[in-house]
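**Student:** Before I ask anything, let me first share the structure, which is written out below as structure tokens.
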């Protein structure tokens with residue numbers, strides 16, 4: 001156990017420091033933004049990439065590819081990104097335990113340089129395999145980044161700024177999508193000769209991150225609780241907390257460390273078998289699956305068709321679609337600057353509810369637009385509403401919540417569970433949606449509406465508000481919540497005194513008293 005350290009208070013305020021803001025921007029700019037960029041980057045040069053594949057096959061075999069084979073190769077180029085993302089999410093727990101949070105971000109930048117080189121030189125080498133493998137490696141990097149960046153920011157942030165810093169990555173994901181849409185315009189990198197550069201430009205933000213991020217400290221919680229390095233923890237806290245009571249934070253970390261003294265970092269299997277965190281695990285499962293099954297990827301896929309039906313001229317649709325990227329960024333900024341005032345629950349409930357209502361609205365407008373021309377424009381408003389609702393809350397809060405619901409020993413495994421389910425759901429929607437659309441037609445969006453409203457209902461009744469609370473306080477809130485659910489199953493004649501696990505190895509032998517306001521704020 002780490003030695004007790006007494007440090008004079010440095011102040012009571014927990015204001016946003018330049019170091020915190022710089023780390024949030026560097027990690028998000030060089031990692032999270034790449035995820036958004038790689039989601040959208042293959043849309044604009046699709047025809048050029050297919051033509052490259054066909055010409056390469058003609059040069060190698062003397063005959064071109066059939067339409068079905070060409071479509072299959074392009075689909076593989078798009079979907080292999082999600083396969084890489086799933087792999088990255090599965091290894092993130094091992095990486096953050098071995099290299100630390102910041103160390104993982106820095107060390108995995110090598111993946112971006114490898115992928116960028118493969119894709120950038122693919123045309124010179126006449127190798128479609130280099131494009132596909134490069135996409136796979138960028139997927140691995142994004143799978144790692146989607147988990148480690150919010151984990152790192154959640155651990156370095158003071159409790160009153162954890163929400164604000166936790167949503168910065170989601171803003172940069174939207175910025176990445178918007179950047180790909182803008183650079184993909186014909187006037188910039190949308191020409192045939194530029195598509196290898198368009199795919200490989202991701203190395204630029206990663207290079208900037210690699211040059212600057214190593215100068216900043218590792219997560220203080222990782223240094224104290226896992227590495228038991230008190231002096232490095234003090235140095236890191238002084239770097240991030242120029243006007244904060246460092247002593248109080250170290251005492252809170254040491255309290256968590258003492259509660260974990262008999263519990264090592266859990267594997268995924270042990271996490272799933274741990275009854276003391278079953279509500280937290282279930283919550284991570286619901287919100288991460290709901291995030292992808294909300295239909296946001298299907299909406300992005302169908303945006304051009306909806307805009308075309310609304311009467312927007314075909315040459316202008318690319319600019320209109322790029323305009324939705326601005327909406328993503330604005331909505332993300334609104335969520336980021338209001339989360340510490342409103343809390344996590346309102347952004348999650350409001351975001352999913354807004355998406356559910358607008359998804360049902362799309363179904364209604366698609367059915368009625370043949371009879372009422374105004375419905376075409378309402379469908380555009382519904383698309384904007386779904387994108388805005390997603391970016392305000394569901395786009396970023398699930399990653400933040402995953403960090404907040406678990407203490408140090410459980411957190412890496414929780415991110416593996418949440419990240420892998422996120423990528424699996426992403427892949428499932430991309431694979432199933434075309435068939436769902438063919439079979440259900442315009443009614444397919446009712447499936448997404450049902451998912452969104454169900455997740456909003458779950459968050460309302462199950463997940464407590466975590467705003468401005470320490471990890472230990474959140475742990476105790478869930479212990480009470482779970483105990484309430486257990487006691488509801490007892491008959492009035494049962495005079496049982498419950499011994500409730502505190503969630504991380506300790507036992508509370510006192511009889512439980514519950515305050516309903518603590519279960520659902």
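Even glycines carry a Cβ here, placed using N, Cα and C.
Predicted automatically and left uncurated, TrEMBL annotations should be read as such.
Annotations per TrEMBL:
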TRANSMEM  20-37  transmembrane segment
DOMAIN    24-467  domain 'Major facilitator superfamily (MFS) profile'
TRANSMEM  72-97  transmembrane segment
TRANSMEM  104-124  transmembrane segment
TRANSMEM  130-152  transmembrane segment
TRANSMEM  164-183  transmembrane segment
TRANSMEM  195-216  transmembrane segment
TRANSMEM  279-302  transmembrane segment
TRANSMEM  322-339  transmembrane segment
TRANSMEM  351-371  transmembrane segment
TRANSMEM  377-401  transmembrane segment
TRANSMEM  413-436  transmembrane segment
TRANSMEM  442-463  transmembrane segment
**Student:** Quick one: do the transmembrane segment (413-436) and the transmembrane segment (104-124) have at least 3 Cβ pairs under 8 Å, skipping pairs fewer than 6 apart in sequence?
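**Tutor:** When sequence-distant Cβ pairs are counted, the transmembrane segment (104-124) does not touch the transmembrane segment (413-436), since fewer than 3 lie under 8 Å.
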**Student:** Other than its close neighbours in sequence, what residues sit by the transmembrane segment (20-37), given a CB gap under 8 Å and a spacing of at least six beyond its ends?
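**Tutor:** That would be 105, 109, 112, 138, 141-142, 145-146, 148-149, 152-153, 156-157, 161, 165, 168-180, 202, 205-206, 208-210, 212-213, 216, 240.
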**Student:** Restricting to the same chain and to residues at least six past its boundaries, which positions have a Cβ under 8 Å from a Cβ of the transmembrane segment (351-371)?
**Tutor:** 290, 294-296, 306, 309, 335, 378-379, 381-383, 385-386, 388-390, 392-395, 397, 441-446, 448-453, 455-456, 459
**Student:** Is the transmembrane segment (164-183) in contact with the transmembrane segment (322-339), using three or more Cβ pairs under 8 angstroms as the rule and ignoring pairs under 6 apart in sequence?
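**Tutor:** When sequence-distant Cβ pairs are counted, the transmembrane segment (164-183) touches the transmembrane segment (322-339), since at least 3 lie under 8 Å.
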**Student:** If contact means at least 3 Cβ pairs within less than 8 Å, sequence distance 6 or more, would you call the transmembrane segment (130-152) and the transmembrane segment (377-401) in contact?
**Tutor:** yes
**Student:** On the 0 to 100 pLDDT scale, where does the domain 'Major facilitator superfamily (MFS) profile' (24-467) sit on average?
**Tutor:** 85
**Student:** Can you tell me which parts of the same chain pack against the transmembrane segment (195-216), counting only residues 6+ beyond its ends and a CB-CB cutoff under 8 A?
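**Tutor:** Residues 19, 22-23, 26-27, 29-31, 33-34, 37-38, 41-42, 44-45, 48-49, 52, 102, 105-106, 109, 112-113, 115-117, 119-124, 131, 134, 138, 183-184, 189, 239.
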**Student:** For the transmembrane segment (279-302), could you work out the same-chain residues 6 or more beyond its ends whose Cβ comes under 8 Å from its Cβ atoms?
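**Tutor:** For the transmembrane segment (279-302), the nonlocal Cβ contacts are 40, 271-272, 348, 352, 355, 359, 383, 386-387, 390, 394-395, 397-398, 401-402, 405-406, 410, 414, 417-419, 421-422, 425-426, 428-430, 433, 437, 444-445, 447-448, 451-452, 454-455, 458-459, 462-463, 478, 481-482, 485, 503.
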**Student:** At a threshold of under 8 Å on Cβ distances, which of 72-97, 104-124, 164-183, 442-463 pairs most often with the transmembrane segment (377-401)?
**Tutor:** 164-183
**Student:** Six or more residues beyond either end and a Cβ under 8 Å away: which residues meet both conditions relative to the transmembrane segment (442-463)?
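**Tutor:** Same-chain contacts beyond the ends: 279, 282-283, 286-287, 290, 293-295, 298, 344-345, 348-349, 352-353, 355-357, 359-360, 362-363, 366-367, 394, 401, 433, 436, 481, 520.
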**Student:** The transmembrane segment (164-183): which same-chain residues, six or more beyond its ends, come within Cβ distance under 8 Å?
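**Tutor:** Contacts of the transmembrane segment (164-183) (Cβ under 8 Å, skipping residues fewer than 6 from its ends): 16, 20, 24-25, 27-29, 31-41, 43-44, 146, 149-150, 153-154, 156-157, 189-190, 198, 201, 318, 321-322, 325-326, 328-329, 331-333, 335-337, 339-340, 391, 395-397, 399-400, 403.
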